[in-house]
Amino acid sequence: MKPEIHPVYPPSRVTCMCGNVVETKSTRGSFSVEICSNCHPFFTGKYKLVDTAGRIDRFRKKYGASPTSAKKA
């Protein structure tokens, strides 16, 4: 490998909204995520509602689209 071309790869912390903290290495540093393997329904077997209605409402507000304005072919 060539010297002095690789980025610094320090330890970092990934924090989930459920409170789970994972220690890893990353060039990004510490950051947070919404869902991790500790709280994801696939791994836990429990159903968890993820709020996507807010994203849809923001999209409609931004672009002026309404559910009834969709054209049917």
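Numbering starts at 1 and runs along the chain as displayed.
Backbone N, Cα and C atoms are what each Cβ position is placed from, and that goes for glycine too.
The feature Zn(2+) binding site is assigned by Swiss-Prot to CYS16, CYS18, CYS36, CYS39, with sequence analysis given as support.
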Per-residue Cβ crowding (10 Å cut-off), top of binding-site residues CYS18, CYS39: CYS39
Distant-in-sequence Cβ neighbours of CYS36 (Zn(2+) binding site), under 8 Å, six or more positions away: VAL14, CYS16, CYS18, ASN20, VAL22
Zn(2+) site shell beyond CYS16, CYS18, CYS36, CYS39, criterion: Cβ within 8 Å of Cβ centroid: MET17, GLY19, ASN20, VAL33, GLU34, ILE35, SER37, ASN38, HIS40
Where CYS16 (Zn(2+) binding site) falls in three-state DSSP terms: strand
